[in-house]
Amino acid sequence: MSETRHDWTKEEILEIYNKPLMELLYEAATVHREYHDPNTVQVSTLLSIKTGGCPEDCGYCPQAARYHTDIEGNDLMTVQQVKAQALRAKASGSSRVCMGAAWRNVKDGPEFDQVLEMVRTINKLDMEVCCTLGMVTENQAKRLAEAGLYAYNHNLDTSEEYYKEVISTRGYDDRLQTIENVRKTNVTVCSGGIIGMGESVEDRAGMLVALSTLNPQPESVPINALVAVEGTPMEEQEPVAIWEMVRMVATTRIVMPKTQVRLSAGRTGMSKEGQALCFFAGANSIFAGDKLLTTPNPDVNEDMELFKQLGLNPQRPFVKAPKPETVEAEDSRYQPLGEKPKWSRPNHKIQRNEEAKEKAKMARGPKAK
Ligand code: SF4
């Protein structure tokens, strides 16, 4: 069996990424079969439980309040709404629900308490629960774990070097710190990135170095292709070619053999044949549902049709790690501490982000700040 290594170098990863495609595919598919059933793919449903109005400036994201995009913001969903959507997702073959809130970080208080209740509710439905809520402290990660959280998503997005060209409102270290906080619990880590943001192939390899040298490696690594949304700083980026996606998936599979490699945003731009190649290259997880937070995603029926054509089966929940226990709110061992993370990079400016902000001000009219 190929071993899990935590000492990958950028040069080694570039060498893999740039192999002749047939060789790369063969190697990735071989590693994939050592650790995973090649005919099983996990189906996850992503729910945007709180959309828009985010104070961060991620250059790819239509939910950043400072850009002018046509997404409709909404307040935090109720526990009942989330339960209804989770039941629907379960009925259509999803084994995991990932709840995303457009927050910079988790704040202790009634909204976080509501999210904890959502976690308890979904865990009791025998589904894996994942959250992506921005930065979390160790205490908040412990409270999520106690509620029954299975996974926490916090993407590194790209290489440390290119990160400075994408987001000015926080640093790479902030990301790594949240992952470290989650690692102090039994919650599994989901962390990946986006290709097609104008980064180089070296940056893609740099991101894979950052992820694969974590010990343990993330249990789940989403690979997104940028969906260039009008009004964001990256609105003019060219779509990612399928070959780049296949290379990225295959390389991720080889350097992180045990992880679930997730085909995430950008699937609507891929043909069925392109997606099939990604599955062959080692992708074994997809997001289902007609929207991924705010960007389009293939219809569930289309996905199930593709599964039928390819002979794929949806993965059962809790195959990779046991189901967490849920502790009720009144029995919790942890108190809210009211911690507030500092803004780590107050003077950092990114030109294309600044330009998109200015454009948004113009579009909103003269009274807008
Ligand atoms: S990616 Fe997340 S943190 Fe960044 S602007 Fe969007 S919602 Fe906010």
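Including glycine, each Cβ sits where the backbone N, Cα and C put it.
Taken from TrEMBL as is:
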type     : residues                      : note
DOMAIN   : 39-267                        : domain 'Radical SAM core'
BINDING  : Cys54, Cys58, Cys61           : [4Fe-4S] cluster binding site
BINDING  : Cys98, Cys130, Cys190, Arg262 : [2Fe-2S] cluster binding site
REGION   : 315-369                       : region 'Disordered'
COMPBIAS : 322-333                       : compositional bias 'Basic and acidic residues'
COMPBIAS : 351-361                       : compositional bias 'Basic and acidic residues'
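Mapped onto this structure are the features recorded in TrEMBL.
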| residue | record | contacts (Cβ under 8 Å, 6+ apart) |
| --- | --- | --- |
| Cys54 | [4Fe-4S] cluster binding site | Cys61, Gln63, Ala64, Ala65, Ala102, Trp103, Arg104 |
| Cys58 | [4Fe-4S] cluster binding site | Ala64, Asp157, Val166, Ile167 |
| Cys98 | [2Fe-2S] cluster binding site | Ser44, Thr45, Leu46, Leu47, Cys130, Cys131, Thr132, Ala151, Asn153, Cys190, Phe287 |
| Arg262 | [2Fe-2S] cluster binding site | Gln42, Ser44, Cys190, Gly192, Ser220, Val221, Pro222, Ile223, Ala283, Ser285, Ile286, Phe287 |
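The Cβ neighbour count for Cys190 ([2Fe-2S] cluster binding site), using a 10 Å radius and every protein chain shown, is 28. Note on the compositional bias 'Basic and acidic residues' (322-333): residues 113, 116-117, 119-120, 123-124, 126, 143, 145-150, 186-187 of its chain, located 6 or more positions outside it, place their CB under 8 angstroms from a CB of the stretch. With a CB cut-off of under 6 A applied against ligand 1, the binding-site residues Cys58, Cys61, Cys98 are reduced to Cys58, Cys61. Helix first, then strand, then coil: DSSP counts for the compositional bias 'Basic and acidic residues' (351-361) stand at 11 helix, 0 strand, 0 coil. In the predicted model, the domain 'Radical SAM core' (39-267) has a mean pLDDT of 95.
Mapped onto three states, the DSSP output places Cys61 ([4Fe-4S] cluster binding site) in coil. Counting residue by residue with DSSP, the compositional bias 'Basic and acidic residues' (322-333) contains 3 helix, 0 strand, 9 coil. Other C-beta atoms found within 10 angstroms of the C-beta of Cys61 ([4Fe-4S] cluster binding site) number 24, with every protein chain shown included. Under DSSP, Arg262 ([2Fe-2S] cluster binding site) is assigned to a strand (E or B) in the three-state scheme. Across the region 'Disordered' (315-369), the DSSP tally of helix, strand and coil residues reads 17 helix, 0 strand, 38 coil.
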